Amino acid sequence: MTFRTLDDAKDLAGKTALVRVDFNVPMEGGKVTDDTRLRVALPTIQRLRDAGAKVALLAHFDRPKGQRVPSMSLKPVVDDLETLLGAPVRFADDCIGPDAVDAIRELDAGGVVLLENVRFHAAEEANDPVFARKLADLGDLYVNDAFSAAHRAHASTEGIAHHLPAYAGESMRRELDALDAALGNPQKPVIGIVGGAKVSTKLDLLKNLVGKLDRLAIGGGMANTFLYAQGIDIGGSLAERDMADTAREIMAEAEARGCKLLLPVDFVVATEVKPGAAARPVAAGAALSADDKILDAGPATVARLLEALTASKTLIWNGPLGVFEVPPFDAATVTVARHAAALAKASVLTAVGGGGDTVSALNHAGVSDDMTFVSTAGGAFLEWMEGKPLPGVEALRA
Ligand code: AMP
């Protein structure tokens, strides 16, 4: 995987860099409630400023669907960004046209302007070439630092890259490096952990992974479907019983591709999903009642998973092993996450996780800082795990 990065961008003094960032931050009452995404963009902005470039930030916020929706303006982000950057940030009321042109012209070298929500124009999500050209005409180079938006071929994530020299920003580069180390060119043996609620939402992901991994541990509600497909009693557990054939196909594919599937050999069962509910470990194959629900992986399954992690060089993880939001059904997820993070901290395992609830599960286990990399990119991370080309990333290929 080779991408143009900021190392390849020369002679930036006085040039205007159009930088696509992900500023789709949580906001309440016009105030940013979590500035993580702003912080993530700082290294790229700072590097460009240090090189004497003018920085014009392109971003979307929420889903205005091509309308100018005042409550979806990016303006409230400016104050927080100024504080984090320690420098003034201008705001332009539109991302194309005279507002944008004037704001950029008035910047000094190293100055920063945030352009209004690109999704106020329907042409953004339609990847309209005329709109992409108008965006491109504002600057001299394009930098994409929004991996989380890279699975969409929109004008500010893909179309614009056809008109300007295009580079991966610092956070995009970190993400691509981590993903490459986890699945592109990983050190073997590679183990995957895929958990979460349903097989149906992760079919493409499972099919891609069985062709690439040495071991794949399946947990969470989706493991129930696999157990059911093997004739194991799962009582009244969450499962997609109509997906049993699909589960069997994935098992056969794993066997054919030399990927060892690790399905639960025991689990934690309770009759209600509530904090502190009476729970008992049950070996796979024992009889369950219709009230019994499998809510977490059992101790023997966890022990086997810890051993498999120790025997691996690379881990890619998506989805919790149980109902981690409700203790004690967080136990397997927390134990396995802590073991993976300890191995990563000791530099004997490259441990990468991400996608949806995985981030909150790893935060809940208190290990996010010790993992090699935790992707907050959600949909883009999952599509990448599915092996799909991401248009915003493809546009940056050298
Ligand atoms: P996903 O978004 O597909 O990764 O699914 C995450 C959700 O799966 C979390 O909210 C978990 O509570 C849920 N989950 C994990 N294991 C189970 C299980 N055994 N039964 C029901 N839900 C589960």
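Glycine too: its Cβ is placed from the backbone N, Cα and C atoms.
Worth saying up front: this structure is predicted, and the values here are computed from it rather than measured.
Same-chain residues at least 6 positions away in sequence with a Cβ under 8 Å from that of Arg152 ((2R)-3-phosphoglycerate binding site) are, in sequence order, Glu125, Glu158, Pro391, Gly392. For Asp22, Phe23, Asn24, Arg37, His60, Phe61, Asp62, Arg63, Arg119, Arg152, the entry in TrEMBL reads substrate binding site.
In the three-state DSSP classification, Arg119 (substrate binding site) falls within a helix. The (2R)-3-phosphoglycerate binding site feature in TrEMBL is assigned to Arg37, Arg119, Arg152.
Within 10 Å of the C-beta of Gly356 (ATP binding site) we count 17 further C-beta atoms, all protein chains included. Summarising the annotation, TrEMBL assigns ATP binding site to Lys202, Glu325, Gly355, Gly356, Asp357, Thr358.
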Among the binding-site residues Asp22, Gly356, Asp357, name every one whose Cβ is found under 6 angstroms from ligand 1, counting any of its atoms.
Gly356, Asp357
Which is it, of Glu325, Asp357: the one of these binding-site residues whose Cβ has the most other Cβ atoms within 10 Å?
Asp357
Neighbourhood of Arg119 (substrate binding site), C-beta criterion under 8 angstroms, separation at least six:
His60, Phe61, Asp62, Arg63, Pro64, Lys65, Gly66, Met72, Glu125
Out of Asn24, Thr358, which of the binding-site residues is least crowded by other Cβ atoms within 10 Å?
Asn24
Ten-angstrom check, please: count other Cβ atoms within 10 Å of the Cβ of Arg37 ((2R)-3-phosphoglycerate binding site), all chains counted.
20
